[in-house]
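Visitor: Pulled the feature table from TrEMBL, pasting it below:
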ACT_SITE  D166  active site, proton donor
ACT_SITE  Y244  active site, proton acceptor
BINDING   R90, N144  substrate binding site
BINDING   C165, H195  Mn(2+) binding site
DOMAIN    190-422  domain 'Glycosyl hydrolase family 4 C-terminal'
SITE      E106  site 'Increases basicity of active site Tyr'
Amino acid sequence: MRLTILGGGGFRVPLVYQALLGDRGEGRITSVVLYDADRARLASIGAVLRQQAAGVTDAPVVTETTDLDEALRGADFVFSAIRVGGLEGRTVDERVALDLGVLGQETVGAGGIAYGLRTLPVAVGIAQRVAAVAPEAWVINFTNPAGMVTEAMIPYLGDRVIGICDSPSGLGRRAALAIGVDPSTAFYDYAGLNHLGWLRGLRSGGVDRLPSLLASAEGLASFEEGRLFGVEWLRSLGAIPNEYLHYYYFARETLAAVQGVRQTRGTFLLEQQSAFYAETARRPEQALELWQKTRAERESTYMVESREVADAGERDERDMAAGGYEQVALSLMRAIAHNERASLILNVRNRGVLRHLDDDAVVEIPCTVDANGALPVSVSQLTDHQAGLVCSVKAVERSTIEAAAGGSRAAALRAFAWHPLIDSVTAAGKLLDAYATQLPALAPFRP
Ligand code: G6P
Ligand code: MN
């Protein structure tokens, strides 16, 4: 089996390769093709992978290329994990928004829209090339904003593109462990959009254990989302939100916190990652060690502002060690390749499951996966509150897709203005103008 990784020079690629090295089963991935536009990054990550493979018999063979069609030809699975505009782009996404008084974040709010506007045309181009060159391949989309990117690729790939994120499974795992349930045996009644969902039930042995978790202040205080949102709010909601909902429920406080830092997340990562790639080019024999050190620092500072707002303390060691998106990706590939039925929370078409959304809306929802792909299973309906937020943000995603497809300024303006975290049409217009001025890819939206 061949896996092609688009964005193969990306920093998290060794996590995927590590997961592949642990997969000894028949029909496993034996060949990995790394594709990236940047040769130097490919060389650095290639060096890390070779060191990971040292001493492992039958480690998947790694090749590198900067030619997209060559990378896609013969692929059984394609992971798309690209960052259009790089971390430089991320810093602009954040900074423009913060300077105009709204949240500046990678995927949520104004930053996510700007990121979507420059990423969607590239993602659509990739979908077209996959459809032409590797029509049988399954595309696993990690590229953020993952929900809207997946939705934009579906017209070219149908249900052969599936979006993934590590946040829902992480939430499920943490909630299960907090009440002593084996995470792999539970059913998670989770629904929403990517980075905008809620865990509304956690069934184990035929019993919904979420009420008992909500009743236990100690249980709630024992994991990340419990600490972020607090006992009173979680009991009032009757559900546990995805960590990214912290930006909505505590919008003022998170905005102030993000505005108050010396460096935004993007600026921090730009510095950290540039140093990693430069250092690895100088000392390739130490690539793996440098990568491990850099990764530990990246993980420990994840969502630090939100944790400070909530006084939630340090990240849990178990969360930093536990497999994130690479485990979701590997489970998904195995289920498809081996026709081994698995239940995973994925970004797929709604197909009538959530009645507030149409069939083609990409939602984040538990799915049954086998050789035929991923099918959403029935979950509780969204409450009025959940549906309100989900439908608003879906409208934002779709306006962004429309804007990116045709360069329509009107659609782009709607996307910013409709976002629940952007409180005025005037601000939306200023955001659009500032992004269009500062991001070359957004030049078509200049007034
Ligand atoms: C989580 C999210 C990803 C996001 C990442 C950001 O894993 O699910 O969608 O890209 O965090 O982490 P970073 O270290 O880049 O801030
Ligand atoms: Mn994610």
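Just so you know, glycine gets a Cβ as well, placed from its N, Cα and C.
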Visitor: Reduce the DSSP letter at N144 (substrate binding site) to three states and note it down.
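Guide: The three-state answer is coil.
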Visitor: With respect to ligand 2, which members of the recorded positions R90, E106, C165, Y244 satisfy a Cβ distance under 6 angstroms to one of its atoms?
Guide: C165
Visitor: Near N144 (substrate binding site), which recorded positions out of E106, C165, D166, Y244 have their CA within 10 Å?
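Guide: Those close enough are E106, C165.
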Visitor: Under a threshold of 6 Å between Cβ and any atom of ligand 1, which of the recorded positions C165, D166, H195, Y244 are retained?
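Guide: Listed by sequence, the hits are C165, D166.
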Visitor: If you measure E106 (site 'Increases basicity of active site Tyr') to R90 (substrate binding site) at Cα, how many Å is it?
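Guide: Rounded to the nearest whole number, the Cα-Cα distance is 6 Å.
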Visitor: Quick one: Cα separation, H195 (Mn(2+) binding site) versus R90 (substrate binding site), in Å?
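Guide: H195 (Mn(2+) binding site) and R90 (substrate binding site) have their Cα atoms 17 Å apart.
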Visitor: List the residues of the same chain that sit at least 6 positions away from D166 (active site, proton donor) in sequence and have their Cβ under 8 Å from its Cβ, in sequence order, or write 'none'.
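Guide: When sequence neighbours closer than 6 are ignored, D166 (active site, proton donor) has G324, Y325, Q327, V328 within Cβ distance under 8 Å.
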Visitor: Could you round the CA separation between C165 (Mn(2+) binding site) and Y244 (active site, proton acceptor) to a whole angstrom and send it over?
Guide: 12
Visitor: What is the number of other Cβ atoms found within 10 Å of the Cβ of H195 (Mn(2+) binding site)?
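Guide: Result for H195 (Mn(2+) binding site): 24 other Cβ atoms within 10 Å.
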Visitor: Applying a 10 Å Cβ distance cut-off over all chains shown, what neighbour count does Y244 (active site, proton acceptor) have?
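Guide: A count of 22.
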